[in-house]
């Protein structure tokens, strides 16, 4: 039985939230009791430091707030909450939102167009999300909007823009870059063969290194059984960077407990 220390020792600055209910999603099912408690402590601090801002009539309740915080803190469970410095607000739309996008083509002409976005993040600025896609981030499908945007934030700690190479030791950069680009090429080869819609990894990962890191971070936490065997070298680099092994958690969860001479209970 899990002992929930926040039930008796919550801070006055933050009312107790329904953490047990918030933890009851497939994405977090493999966490040990100790990991769950650590994640909740980080999430409490996250909600004390960041402001969740509902937009366009979206109603934010305690359970939604708790689950959003848990997903933000899962990638930094071992890195530490300071890795999420650099922003103070999370803006939440009820559904994907329209933004004005400006881009420059190959000959230098600047174009403007309105595009639909699921989420956005900048180095210094808020993270923007939408609730419809957040809800789809609770399972173990390989899609996770919050982890995707958090990965961009972690990536940008290494410079002014996301590059696909997070803040790692200099001696590891060349190997990381090699393995990441190899993964991009592999994903693109599959897209060329079967098409974007049939690809086993989100085709967005093949667009550039920053998106590859963000997309594969989604798979790292929510579909490790797809990531690890396909890109074993890059998987080990992700495990080392995040300080976690979601595939091991998945295997432990799926392995029946044996005791009393091998009898399954």
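If you go along the chain as it appears here, the first residue is 1 and each next one adds 1.
Backbone N, Cα and C atoms are what each Cβ position is placed from, and that goes for glycine too.
As annotated by Swiss-Prot, Zn(2+) binding site applies to 111, 148, 152, 211, with the evidence given as sequence analysis. Cβ neighbour count for residue 211 (Zn(2+) binding site) (all protein chains, 10 Å cutoff from its Cβ): 21.
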> Under DSSP, is residue 211 (Zn(2+) binding site) helix, strand or coil?
Replying inline: helix
>> Are there any residues at least 6 positions away along the chain from residue 148 (Zn(2+) binding site) with a Cβ closer than 8 Å to its Cβ? List them or say none.
In response: 119, 214, 215, 217, 218
